[in-house]
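A.B. asks: Provided herewith is a single structure, encoded as structure tokens, for subsequent inquiry.
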DNA sequence: CAACCGGCTGAGAATCGTTGTCAACTTCAG
DNA sequence: CTGAAGTTGACAACGATTCTCAGCCGGTTG
């Protein structure tokens, strides 16, 4: 038997998207990445950018989070373990942080109220020094 | 001088939306509320539902949060002070919670990295007992 | 090295929640 | 009661994301 998972192919497009993510430590939107690639010369269809990002997210390679106005931002994070982010709402610059106590707290509060399958969203937004001075 | 803010009028539609929110303690989407009102008999245009909800949010009368797939959910909360939520992802049932230490922690982490104007998002999602048993 | 199978791509259409438009309408001060 | 101005609602417009599907190409096989 097999896991019947389709073999994943390495294509120019996938390499390009992955590379664009490697190139920055800021959270970027799919559209920004698409634009970056187009400018850089290795154009990739927008749909493909979205598909690739989704795949990377599913594989835990990339983190996503949503802006206040619903746009998804992607970032290749250093640590694969669960963590949170302090993101500059202006430029996307990001600092990875972990809330050692948050997980436990969330699980406890959930159980306390009879809720199961608890998940939590903890993100910090701010304006980084450079953006404030600009 | 004046704040030049336009006088706010009480209309059937606004009363209806406000009432629909009073009627439940669950987070509901604009579309759900619109449907509820239509079924109940006092139909209100969808655009008006959105406008009214936005106004209530701006006035701090109502809380908003976004689903994982980007939909906005609204709820008339008991306390006006800052707090967080434990929401059933299935039915919207909600428990208000406060993270006494979260605020301080967020501000500290922000300052520590040179970020200003810190805001934080802390929401818990789970499945309530009733929905799990159903 | 060439043929092939099936995953992959991309341009454009389709979704979907939400916001903008604007003529008709309603609230409420005077 | 009247008029000025805030409101409403049907519908168009938007913007991010997903779907379609015919053509393309990675990689394995013979």
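Numbers here mean position along the shown chain, with the first residue as 1.
Cβ atoms here come from the backbone N, Cα and C positions, even for glycine.
Below are the features listed in TrEMBL for this protein:
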BINDING   B:82, B:103, B:120  Fe cation binding site
BINDING   B:88, B:91, B:128, B:131  Zn(2+) binding site
A.B. asks: These are the binding-site residues: B:82, B:120. Which one scores highest on other Cβ atoms within 10 Å?
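C.D. replies: Selected residue: B:120.
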A.B. asks: Starting from residue B:88 (Zn(2+) binding site), work out which of the binding-site residues listed here (B:82, B:103, B:120) have their Cα within 10 Å, and give them in sequence order.
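C.D. replies: Of B:82, B:103, B:120, within range: none.
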A.B. asks: Since the record lists B:91, B:128, B:131 as binding-site residues, which of them has the fewest other Cβ atoms within 10 Å of its Cβ?
C.D. replies: B:91
A.B. asks: Which residues, same chain and not among B:82, B:103, B:120, have a CB within 8 angstroms of the centroid of the CB atoms at the recorded Fe cation site?
C.D. replies: B:99, B:102, B:106, B:119, B:122
A.B. asks: Counting only other Cβ atoms and using a 10 Å cut-off, which of the binding-site residues B:88, B:103 scores lowest?
C.D. replies: B:103
A.B. asks: May I ask you to pick out the binding-site residues among B:91, B:103, B:120, B:128 with a CB closer than 8 angstroms to chain A's CB atoms, ordered by sequence, or 'none' if no residue qualifies?
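C.D. replies: Of B:91, B:103, B:120, B:128, the entries that lie near chain A are B:120, B:128.
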A.B. asks: Cα-Cα separation of residue B:131 (Zn(2+) binding site) and residue B:82 (Fe cation binding site), in Å?
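C.D. replies: Spelling it out, the Cα of residue B:131 (Zn(2+) binding site) and the Cα of residue B:82 (Fe cation binding site) are 28 Å apart.
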